[in-house]
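Feature annotations, courtesy of Swiss-Prot:
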type	residues	note
DISULFID	58-290	disulfide bond
DISULFID	71-83	disulfide bond
DISULFID	106-151	disulfide bond
DISULFID	294-318	disulfide bond
DISULFID	490-494	disulfide bond
CARBOHYD	26	N-linked glycosylation site
CARBOHYD	27	N-linked glycosylation site
CARBOHYD	39	N-linked glycosylation site
CARBOHYD	181	N-linked glycosylation site
CARBOHYD	302	N-linked glycosylation site
CARBOHYD	500	N-linked glycosylation site
LIPID	557	S-palmitoyl cysteine
LIPID	564	S-palmitoyl cysteine
LIPID	567	S-palmitoyl cysteine
SIGNAL	1-16	signal peptide
TOPO_DOM	17-531	topological domain 'Extracellular'
TOPO_DOM	553-568	topological domain 'Cytoplasmic'
């Protein structure tokens, strides 16, 4: 009879109504890294590192780039005859120059402070070329014979279009005194130069005067140049050299020139009509007839991701450059949680619902929720409130990362002349160091955010579990796997009240108490039976052992093996 009662009680426990707390799971194989773990499979993840580009040069926000093709910046500004297509250029978004353009300074020489001029151009979007000293105004000097075979055009000798090489006229080179007043409202880029002959004979042949000079002055510039006559190897068929200079002439300022020979005078200057963000990119790409918001020397980027690893030099609304190969942000939950019977903490942030047995693929309309079973059936239901709060918490995670790294180090494509190579090497090391630190910060932040996100989800499951536990109290039993077994009947209406937090504990407490006591009574009665059996077994075993010892002693006494003495 006792066995029958115990069996019925056990069956009734198995079939009791239950409610379980769990979380969403799916077939995702996406993995993320955290501070504590690598390759954690999650239900949802977002790649935040852009790795692709289109391999083309594109318009930037509808404005075409100035692609110099085979011309250099110097060839364009001075007017190399092979760069006539760039005599007048419209507004540009950025400038593209090849690494080694063929049409540079056709007459050999150098451009003074060339790198600084390029840096200036990275803040300019439009030039307007204006004539400041007409070529026809040099009545006392030969302004037409200053050409060279080094600068050919249509098979004939020519020269830079925007400057004039002045030669003696009628065996005389009168001293030049010429001024230009900048009456424009914009700054003016003015260029001029000096010719360094090969020998004294060439000096007098071209300029008559054996000793010459060039003086240039503005409100901020005071320059005096003299030619350096020396024998040099031929470059482009020329033993002479030319050196070019530039300055920015402010509005209402004047530039004064004085020279008695070797002067390369400005004819045109560039009015800076629009300033803005620009850059000079070194690229061999061709124009792709496309539009973009972000351009790199490798191609255009069309992405909403916060980071990229394509090239450190960019222009436009671009993701931030890092050296990383992988940055994946967790937005969902662990998809393969540990299955444990006891609570366990892991991670850095908050409590972990490690006692939950596993995720539910059957729950598709939320991240966290319930599974119930009673006489009316069973089913899954998402907890809308906790799910929505979690969604709100991770929706702005990408923006949060950007805000935390809101000071981007910009790698600027600087150029250095031969005398500044050590500075260039130091600059490259500094840029590499900055990028290394920037990359480390980005990777560390993603790892920490992933750890925080996964712990955040686990904590939400734990909070949902505690919400149910505090409602049910002793009306249900905790099974240790995220489930509760009711001590009373709980129909669908009852289940719904548990889910929405309106469970009426007093309503079910009496039924739960009776069932709980009945189960406890069965256990106690069974325990008493087991105690009686245990005592009986112990006494019987002891008695049998005593009889065996007594019999053995009598046998040994009878055959003389043991002497027995009874003393009274």
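Even glycines carry a Cβ here, placed using N, Cα and C.
Small disclaimer: the values here were computed from a predicted structure and weren't measured.
Comparing the disulfide-bonded residues 71, 290 by how many other C-beta atoms lie within 10 angstroms of each C-beta, the top residue is 71. Mean pLDDT for the topological domain 'Extracellular' (17-531) in this predicted model: 87.
If you count neighbouring Cβ atoms within 10 Å for each of the disulfide-bonded residues 106, 318, the highest count belongs to 106. The DSSP secondary structure for residue 151 (disulfide bond) is strand. Within the same chain, residues at least six positions away from residue 181 (N-linked glycosylation site) with a Cβ under 8 Å of its Cβ are 252, 253, 254.
Of the recorded residues, residue 500 (N-linked glycosylation site) and residue 494 (disulfide bond) place their C-alpha atoms 10 Å from one another. Here residue 151 (disulfide bond) is compared against the recorded positions 27, 290, 294, 302, 318, and the shortest C-alpha distance is to 290. Cβ neighbour count for residue 151 (disulfide bond): 24 (other Cβ atoms within 10 Å of its Cβ, all protein chains included).
Taken residue by residue with DSSP, residue 490 (disulfide bond) is part of neither helix nor strand, so it is coil. For residue 71 (disulfide bond), the nearest neighbour among the listed recorded positions (27, 302, 490, 494), judged by C-alpha distance, is 302.
Once Cβ contacts within 10 Å are tallied over all protein chains shown, the disulfide-bonded residues 58, 83, 294, 490, 494 are led by 490. Within the set of recorded positions 26, 106, 294, 318, the entry lying nearest in space to residue 39 (N-linked glycosylation site) is 26 (CA atoms).
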